[in-house]
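Peer 1: Quick one: structure below, then a few questions.
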Amino acid sequence: MEMKDYPAGEYFVQRNILDELGLDEVAQKGTWSTKPTPGERVKESLRCSASRVKHTALSWVPVLGWLPQYSFRENAIGDLISGCSVGIMHLPQGMAYALLASLRPVFGLYTSLYPVLVYFLFGTSRHISIGTFAVISIMIGSVTERLGPDSDFIGNGTNGTESVNFDERDAYRVQIACSLTLLAGIFQLLLGVVRFGFVVTYLSEPLVRGYTTGSACHVCVSQLKYLFGITPARFTGPLSLIYVIAATIITHFGGLTSKYSIDVVGEIPSGLKAPRVPDATLFSNVIGDAFAVAIVGYAINISLGKTFALKHGYKVDSNQELVALGLSNTVGSFFQCYAVTSSLSRSLVQESTGGKTQVAGVISSVIVLITILKIGALFEDLPKAVLSTIVFVNLKGMFKQFLDVPMLWKTNKVDLLVWLVTFTSTILLNLDLGLAVSVGFSMLTVIFRTQLPRYSILGHMPGTGLYLDTDTYKEAKEIPGIKIFRSSTTIYYANAEMYLEALQEKSGIEIGKLLTAKKKQDAKLKRIQKKEKKKAKKEAKKEPEVKEGKVSAEPRGPSQGNGVSLRLTETSTNDPNKGQVNRAYQHDTTMSDSDSDAGCHTYDSISHVSHHSDKGKGRACGSGTHSIILDISATSFVDTVTVKTLKNIFRDFGEIDLDIYLAGCQACVVEQLETAGFFSESIPKSRLFVTVHDAVLHILHKLGQTDFILDVSCTTQM
């Protein structure tokens, strides 16, 4: 490559045309691998040293890395103020969100204590506030009410009336919540240990925001009974939100309640309860819900954690966050806590009031602990309607997400569709089914996008080495005889067939029809050859003096009927399977009308290159195309279907004398093609070029079109 002094905004590059073999030689492609072998990895994992033990301890227990270096002068005051502020928020939110989980308020306080301390040890985010959260609470509540409905605890009351045994019901619901939390924590732990933190990437931002908005609607509806002081019948499953709403309206405005007593928080026992193992027999009933809680909780947690990390310039380990959240839930389940995640409102307060580390979380836990031990009784007469209003206020941020709809309408309608489908399915199908439908629909949009990419024919920008979509750029002109075809996405089994169809449509070459016409032409040629052989034999018998193997070269006139000259017979007497049949497509002017019509329908020679090349090959009739370049720079991997499709393209188009070339192939894709046995004598590596420009120059040089090569200048203006 030669670099010279040029005016600003211009550059000059002079190099040889590079195909894949040339690139390997020039760039000195190596076969070595920098990755350790499986044996070396196993050896390394079993090796024990002081530095390795230290590194492992710091990666699994991050607090050991940052706490010894904690700066009291810089962080203590901010963490103290932040911890007190968040601790005060924990009290009403913990009790209010416990109602969403259909548990007594005191269990919300427990959930605001133990998991926070566990996250302090194992978490990597400095600013998020772990504890109760509305979405997770309502997901827990849907399970506790489904498995522990009031109807299962109706007994005989005083005066022969039936009443619900609330103590027994609440105790069973706590068992359900703890079992679900333990199983969700186990799921998170396992995913974190196997480094599966990337699983949350399948939950796109529109999906998460639509899901949380739909969940906020469920939360609001669940609080109507406390806000209006009524006790409507509970519904679960699909359309349960609609039935609740209807029951609340009928009960309240129909005057069905005869006694308007104010429901209060009730007894908050002082002191901490001893740990208890959750009931594992309930696992089979909550396994699906536990997985949904694990994924949603982690998605909310990591999205908030990465937001604050980006703002303050530090890194959050997604896999360690899974472990930290899993341990918080697992340990918490033994202390009658339910599933936790980070709260947006508390996290914003923790960050905005000066919190710098998770020491703020420890301080907030101390405030919750003091409340449970000493001043919990002060909250016993707090009306549940007040807690409901707290819930409504904290949902303000979620309801602001409705503003996503007009924004997505302007920016990305596919993401808008994901948002709306997620929101609607969450509302109508409940939280668990709604999440499953949402994820499935989101994945389908990805599949459809790869199945329906943009296919383009590229043209050359004069004076540059650029090749652009001719439908988009007016100045991009197709090079005569060369079709450059590009797909905007990876070619794989789901879109390989459509890729072939688009290639034929865009290039104007219907390979199926042309191959059928070729077969008919071959059959006609064989019939003519047979007739000529019979004729020659008859003439040989009549004229024994003619030397063996010689045939008269006198042309026949039109009166002989078949209208094909003997020249065609002589050039086609070779075995058609040895590649000599191409000349048969160049029809003699003495052919009959029917023969010439068939020939024009199938193949014709390219007039604009015939004077440059002496090959005389037949080309697709009317198209003038002799070469096709497939730009596969967007392809990041190939599967067996892709390899078969490309092989078929080389074979089928080659049969009608169209040369196929590949351009822009990534190194990893070349390796995959080699492994799949793609390259052969019929498809050599010399058909694979570094860029489209290299392929074009190679084709023009091969055809001897030096005048056009000179027009494709190597000097490029930027």
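Any Cβ shown, glycine's included, is placed from N, Cα and C.
Annotations per TrEMBL:
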- 526-539: compositional bias 'Basic residues' (COMPBIAS)
- 540-553: compositional bias 'Basic and acidic residues' (COMPBIAS)
- 559-580: compositional bias 'Polar residues' (COMPBIAS)
- 472-699: domain 'STAS' (DOMAIN)
- 525-582: region 'Disordered' (REGION)
- 97-122: transmembrane segment (TRANSMEM)
- 176-198: transmembrane segment (TRANSMEM)
- 240-262: transmembrane segment (TRANSMEM)
- 282-301: transmembrane segment (TRANSMEM)
- 361-379: transmembrane segment (TRANSMEM)
- 423-448: transmembrane segment (TRANSMEM)
Peer 1: Taking 97-122, 282-301, 361-379, 423-448 as candidates, which has the most Cβ pairs under 8 Å with the transmembrane segment (176-198)?
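Peer 2: It is 282-301, which has the most Cβ pairs under 8 Å.
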Peer 1: State, in range form, which of 97-122, 282-301, 423-448 has the highest count of Cβ pairs under 8 Å to the transmembrane segment (361-379).
Peer 2: 97-122
Peer 1: Could you give me the DSSP helix, strand and coil counts for the compositional bias 'Basic residues' (526-539)?
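Peer 2: Each residue of the compositional bias 'Basic residues' (526-539) counted once, the result is 14 helix, 0 strand, 0 coil.
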